Amino acid sequence: MLYCVQFGRRVIRLVSATVHGFFLTLLAMFKPKVTLRYPHEKGPLSTRFRGEHALRRYESGEERCIACKLCEAICPAQAITIEAEERSDGSRRTTRYDIDMTKCIYCGFCQEACPVDAIVEGPNFEYSTETREELMYNKEKLLANGDIWEEALRYRIKKNQPYY
C-alpha cells in the first residue's frame, strides 16, 4: 500500500511539472519577439561601443598622430607597432603604424592614452575577413577608416559622448 501512495505522488509531481512547463511555453508564445534577424535588422549600438580602429586627420587633411608612441606603450596585447621619423620642420610623424587585430583585445587604452585623439575605435563591428593577413591593419587602412567615420566621431564629440 505504501508503495502505491509513493508511486501516486511521483506521478502527480511529474504531471504537475509537465503541465507547468506547457503553460510557460504557451505564455511565451504570445509575448512580443525580442530576436532580431541580424543581417537584415541591427540593434542599437552604445555610444561608447569599441569597434574597428581608425586614425583621424585634422580638418586640413594632415594626420593627427604625432608619433609619441603612448598607444604602443600602453597596449596590453602589444598589438600596435609604430615607427617614426623627424620631419624637416622638427615635428615627428609616423612612417609605419600597424595594428594586429588578431591580438587586439579592444580595451580602449590606446585611445585613452592618445593626447591628440588620433587613434579611435569606431562604430564598425562587421569586418570579417577570409585570411589572417587582412587583419593586419597598416597606416593607410587606418587612415581610410578614419575618413569613413569622421562624421560619426565629430557627432559624438559635439554631443559630448566620448568614444571610450
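Each residue, glycine too, has its Cβ placed from N, Cα and C.
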According to Swiss-Prot, C65, C68, C71 bind [4Fe-4S] cluster 1; so which of C4, C114 is the extra one listed there?
C114
Same-chain Cβ contacts of the domain '4Fe-4S ferredoxin-type 2' (95-124) under 8 Å, 6 or more residues past its ends?
45, 49-56, 63-66, 68, 70-71, 73-85, 132, 135-139, 142, 145-146, 148-149, 152-153, 163-164
Should any of the binding-site residues C65, C68, C71 have a Cα within 10 Å of the Cα of C110 ([4Fe-4S] cluster 2 binding site), which are they?
C71
Compared by Cα position, which of the binding-site residues C75, C104, C107 is the closest one to C114 ([4Fe-4S] cluster 1 binding site)?
C75
Non-site residues, in chain order, whose CB comes within 8 A of the mean position of the CB atoms of C75, C104, C107, C110 at [4Fe-4S] cluster 2:
C71, I74, P76, A77, A79, I80, I105, Y106, G108, F109
